[in-house]
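**Student:** Sharing a structure with you now.
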Amino acid sequence: MSSTMLFIVLLVITVARAAPVQDETCDVQAYRQSHCTASVFVQHGCTSATVDLIHTNFLQSCSSVRLNWAYAANNLTLIIGRQEHQAFTSDHSYLYYDPNSISNFNRFRVNHTHFDLNVDFDRHLLHGHVQFNIVRLDQKQCEYSSTIKNTENNEIPHNLDGKLILDAHQLNVEKVMYETTLLPFEINPEHNSLTIDMEQIPKEAISISIVINYSTSPDQSKALQWMTKEQTADRQYPFMYSQCQAIHARSMYPCQDTPGVKSTYTAKIICPKPLIPLMSAIQTKHDVDTNTFYFEQTVAVPSYLMAIAVGHLVSYDISDRIRVWSEPSRRERCKYEFEETECALSAAEQLLGKYQWKRYDILVLPPSFPYTGMENPCMNFISPATLVGDRSLTWVIVHELTHSWTGNLVTNENWEHFWLNEGFTTFIEAKLLEILAKDNGEARRFHSAQGWEELESTIIEFGSTNPYTCLVYRLQNVDPDDAYNSTQYHKGAALLWFLEHDIVCSEVEFDQFLRSYVQKFSHRVLNTDDFIQYFELYFPQAKKVDWKLWLNTPGMPPITINFSTELERQCRQLAKQPSLISDAQMKLLNANQIVYLFNLLLNQKPSTITYDIIKQIDKNCQMNQYSNGDICYRWYQLCIRMKYIEVLEDIFKFLGENGEMKFLKPLYTEFKLSWPEMMPKVHEFFEEHKKYIHPLLVQQIEQRIGK
Ligand code: BES
Ligand code: ZN
């Protein structure tokens with residue numbers, strides 16, 4: 001069947017159902033994941049043919065979208081014709097796929113959100129309303145919606161035309177209004193959806209505004225953590241913060257909870273005095289009498305970047321566009337730790353283009369914050385564990401601020417392409433460290449070597465055949481939190497390193513590409529195919545890259561990268577003979593080298609570490625002098641593995657004072673794996689302290705150590 005014929009006649013082609021469903025699924029999957037040529041067997045009436053997907057022009061420009069849809073519907077239906085082809089070429093009509101959202105964003109699309117919310121610390125909930133501006137998308141285009149199930153006889157259903165489906169988790173919806181009309185709605189707890197009947201809205205209305213009155217559920221909202229004053233650092237006032245990434249925004253407000261849909265937003269927030277709210281936006285006004293705060297985000301952002309925190313907060317200005325917020329007792333430490341942030345932001349601008357978010361502020365959260373950092377626009381959320389006192393965790397800020405470009409401007413279409421957010425950010429973070437260190441690449445190479453070793457740890461932990469150690473993975477019926485691991489960061493960064501060094505062979509040209517990529521995809525979303533297509537267009541020599549090996553094969557990357565640095569060599573030397581590690585030698589290492597050394601010891605096979613060596617290192621190097629959490633948790637992991645009981649108290653103290661997922665998961669898991677006799681004590685401790693840990697993390701730890 002020639003491709004010309006495909007464009008002249010409108011064909012509705014259905015994959016032959018003779019093949020088992022599993023096979024059809026595999027076909028699509030193979031295509032989508034590998035970006036390699038794949039064929040599908042198609043049938044139209046009594047004619048059948050094999051169509052080479054990649055070779056039809058039409059599919060080159062929009063293959064992923066259609067195949068994604070097909071995959072979601074579990075029944076591949078392609079509609080091929082001139083008209084439809086054109087519908088895909090304009091930006092406005094771009095259709096997305098997201099296995100983790102039930103919302104029908106290809107039919108209606110939110111482009112502005114307004115929040116009017118009260119923060120109720122007595123009942124632990126937000127209540128008020130959210131107002132959406134929604135665009136009704138062209139009927140024709142909607143036929144490819146990724147989220148609407150196909151009907152039995154393979155016809156595209158039209159019965160959902162008049163329905164707006166939003167993601168909603170544990171929300172109490174009171175009413176939905178269109179102008180003065182009440183709209184009927186239905187909550188479906190099984191699908192975590194809110195379906196609104198839009199029939200009463202005139203069909204010709206393209207831009208629609210609706211208002212939803214609702215409240216979040218007390219203490220059941222996955223996005224919101226409500227803390228009593230005892231759970232904060234200063235123990236004076238209660239605190240509340242949100243963490244929406246990856247799919248928790250739906251428990252904060254009903255929404256199209258997919259990174260594919262971007263919306264500007266405004267907000268009016270009322271909270272009790274003397275608390276103040278901060279958001280991932282610019283504050284525009286404050287009414288002192290009523291303690292009402294107004295915010296505005298003029299850059300369109302996906303739901304996972306909606307963020308709010310409310311607490312007793314003070315601030316310190318690092319520069320005229322950078323302010324650090326924290327509980328009062330931590331203000332001085334913040335001043336010192338983040339002083340170099342302006343340099344980092346300028347370096348990022350030099351590499352990636354102008355910073356587009358007006359302000360870059362940082363909020364240091366209470367210890368229960370489960371991440372090291374979260375790139376909420378205008379207001380990054382950062383763990384208090386970064387306040388080490390020696391700026392050894394500056395790279396965390398560099399990472400989060402880099403997301404202002406890769407992630408927040410250029411966004412992964414759905415969480416299957418998470419590496420586009422994190423891999424790019426991790427790769428660029430290392431480049432920025434080189435600019436900051438002004439050292440001809442040593443800092444960059446060492447940081448990348450560290451990432452590689454992290455990747456080794458993750459692959460050991462997850463197993464080298466685990467599908468979540470692929471760069472791109474499937475998330476049908478999987479919560480992205482369950483797939484979360486560091487592969488997408490470090491294998492992603494390794495792929496970009498490989499492309500820069502072995503394919504493009506010029507850092508200058510590669511940097512030009514990065515700038516151009518950011519410019520092209522800013523304010524948009526993309527998937528892996530879009531990236532490859534753009535990259536191959538930019539660098540024709542990239543056609544020789546075996547993308548499938550990099551993207552769809554679990555385990556370590558297909559090639560081993562030698563970062564060859566002196567900083568790394570020193571650590572390797574010590575790791576070979578750990579019995580010789582002395583305080584003097586440790587003093588020659590910087591904090592990140594010590595982290596690296598411990599990672600080498602943890603990953604070593606066969607291990608050279610014994611109980612006696614651990615004891616010796618502890619005594620010689622006074623390990624209790626170190627306060628960098630990244631050093632401590634790896635050291636403690638080694639101690640647990642060797643059942644080094646002398647530091648047990650310290651380990652529990654560390655587990656009690658820190659709430660970062662990165663620390664808690666490996667330590668609790670190590671107890672379970674290496675020191676089973678200690679488990680009764682660990683369980684007892686965990687029960688006592690879990691009120692200080694983020695509820696989602698509590699669940700994950702319980703999965704690892706049992707209840
Ligand atoms: N966006 C991530 C955090 C995240 C990822 C939250 C997935 C929820 C789901 C953030 O940018 C990040 O990568 N944080 C890292 C630290 C960073 C310095 C590598 C973390 O918190 O471990
Ligand atoms: Zn990140």
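Backbone N, Cα and C define each Cβ position, glycine as well.
TrEMBL entries are annotated by machine, without manual review.
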**Student:** Out of Glu413, Glu416, Glu422, which is the one TrEMBL records at the Zn(2+) site of His399, His403?
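**Tutor:** Answer, per TrEMBL (Zn(2+) site with His399, His403), from Glu413, Glu416, Glu422: Glu422.
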**Student:** Could you give the Cα-Cα distance between Glu400 (active site, proton acceptor) and Glu422 (Zn(2+) binding site), in whole Å?
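**Tutor:** That separation, Cα to Cα, works out to 10 Å.
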**Student:** Which recorded positions from the set Glu400, Glu422, Tyr489 come near ligand 2, judged by a Cβ under 6 Å from any of its atoms?
**Tutor:** Glu422
**Student:** May I have the list of same-chain residues other than His399, His403, Glu422 whose Cβ is within 8 Å of the Cβ centroid of the recorded Zn(2+) site, in sequence order?
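**Tutor:** After dropping the recorded site residues, what remains is Gly373, Glu375, Glu400, Thr402, Thr406, Gly407, Asn421, Thr425, Thr426, Glu429, Tyr489.
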**Student:** Out of His399, His403, Glu422, give those binding-site residues positioned within 10 angstroms of Tyr489 (active site, proton donor), comparing C-alpha atoms, in sequence order.
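**Tutor:** The binding-site residues passing the 10 Å Cα test are Glu422.
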**Student:** What mean pLDDT score does the domain 'Peptidase M1 leukotriene A4 hydrolase/aminopeptidase C-terminal' (560-705) have in the model?
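**Tutor:** Taking every residue of the domain 'Peptidase M1 leukotriene A4 hydrolase/aminopeptidase C-terminal' (560-705) together, the mean pLDDT is 97.
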**Student:** Which residues of the same chain, at least 6 positions away in sequence, have a Cβ lying under 8 Å from the Cβ of Glu422 (Zn(2+) binding site)?
**Tutor:** Gly407, Gln488, Tyr489, Gly492
**Student:** If you skip the near sequence neighbours and keep only those at least six away, which residues in the chain come within under 8 angstroms of His399 (Zn(2+) binding site), Cβ to Cβ?
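**Tutor:** His399 (Zn(2+) binding site) has long-range Cβ partners Gly373, Thr425, Thr426, Glu429.
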**Student:** Work out the three-state DSSP category of His403 (Zn(2+) binding site).
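**Tutor:** The residue in question, His403 (Zn(2+) binding site), is coil (DSSP, three-state).
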**Student:** For His403 (Zn(2+) binding site), which residues of its chain lie six or more apart in sequence with Cβ-Cβ distance below 8 Å?
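**Tutor:** Looking at Cβ-Cβ distances below 8 Å from His403 (Zn(2+) binding site), excluding near sequence neighbours, one finds Glu375, Asn421, Thr425.
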